[in-house]
Amino acid sequence: MSQNTLVLATGNAGKVAELRHMLSQTHATADWLVRPQSEWDFAEADETGTTFVENAIIKARHACQQTGLPAIADDSGLAVTALNGAPGVYSARYAGGNATDSDNINKLLKALEGVEESQRQASFHCVLVYMQSAEDPTPIICQGRWDGHILTHPVGEEGFGYDPVFWVKEKNCSAAQLSKTEKQALSHRGQALKQLLEQLAK
């Protein structure tokens with residue numbers, strides 16, 4: 001890759017921090033200048049897609065158009081089986097356009113009131129898209145999935161989003177109780193980024 005400045009096409013501070021950390025820990029990208037799109041003065045893309053893939057492409061293309069630089073976009077969310085896959089692509093705004101993480105968690109827990117533990121399966125999904133330019137005809141698209149189940153109350157202080165209510169069976173704790181390194185090794189975003197870095201290294 002000739003251009004070592006990379007735009008992270010997201011306004012989500014948690015995603016920016018997580019992606020920056022992961023990229024800095026990887027030899028192939030340790031020397032990249034990773035800049036969130038908030039460093040430029042332009043509005044976020046309208047996420048009009050109905051899938052994570054569509055929205056990630058929309059965001060990556062928009063960031064490339066606005067900055068003239070390569071971009072990585074992340075579209076991700078939580079799918080809860082008992083809620084027919086909700087909140088899905090609406091995860092970040094489940095409780096409304098200006099919802100906080102706590103607002104979204106509270107709405108989720110309310111929606112799952114009375115649902116037995118054995119029926120609270122859920123999965124985090126992440127789609128990462130890399131585009132060299134806005135006209136890139138072959139964006140790199142990588143996907144990750146992380147299975148778990150939803151707790152009845154938040155546990156842990158790390159992470160962001162729905163992490164405090166997402167139980168990670170193999171670690172016997174919530175996602176919000178994992179270290180950054182542990183989470184990177186297991187998470188949907190870590191899986192997708194590993195695939196993306198392998199593609200970029202080719």
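Each Cβ is built from the backbone N, Cα and C atoms, and glycine gets one as well.
Since the structure is predicted, the reported quantities are computational estimates derived from the model, not experimental observations.
DSSP gives Asn12 (substrate binding site) a coil state; it is part of no helix or strand. The Cβ of Asn12 (substrate binding site) lies under 8 Å from the Cβ of Asp74, Ala92, Phe160, each of these being in the same chain and 6 or more residues away along the sequence. The feature substrate binding site is assigned by Swiss-Prot to Thr10, Gly11, Asn12, Ala13, Gly14, Lys15, Ser76, Phe160, Gly161, Tyr162, Asp163, Lys183, His188, Arg189.
Within 10 Å of the Cβ of Asp75 (Mg(2+) binding site) there are 27 other Cβ atoms, across all protein chains. Residues or ranges marked as Mg(2+) binding site by Swiss-Prot: Asp46, Asp75.
The feature active site, proton acceptor is assigned by Swiss-Prot to Asp75, with sequence analysis given as support. When secondary structure is read from DSSP and collapsed to three states, Asp75 (Mg(2+) binding site) falls in the strand class.
Secondary structure at Asp163 (substrate binding site), as computed by DSSP, is helix. His188 (substrate binding site) falls within a helix when secondary structure is assigned with DSSP. For the substrate site, whose annotated binding residues are Thr10, Gly11, Asn12, Ala13, Gly14, Lys15, Ser76, Phe160, Gly161, Tyr162, Asp163, Lys183, His188, Arg189, the maximal Cα to Cα separation is 21 Å. When the alpha carbons of Gly161 (substrate binding site) and Asp46 (Mg(2+) binding site) are compared, the span between them is 20 angstrom. Geometry remark: Gly14 (substrate binding site) versus Asp46 (Mg(2+) binding site), CA distance 20 Å.
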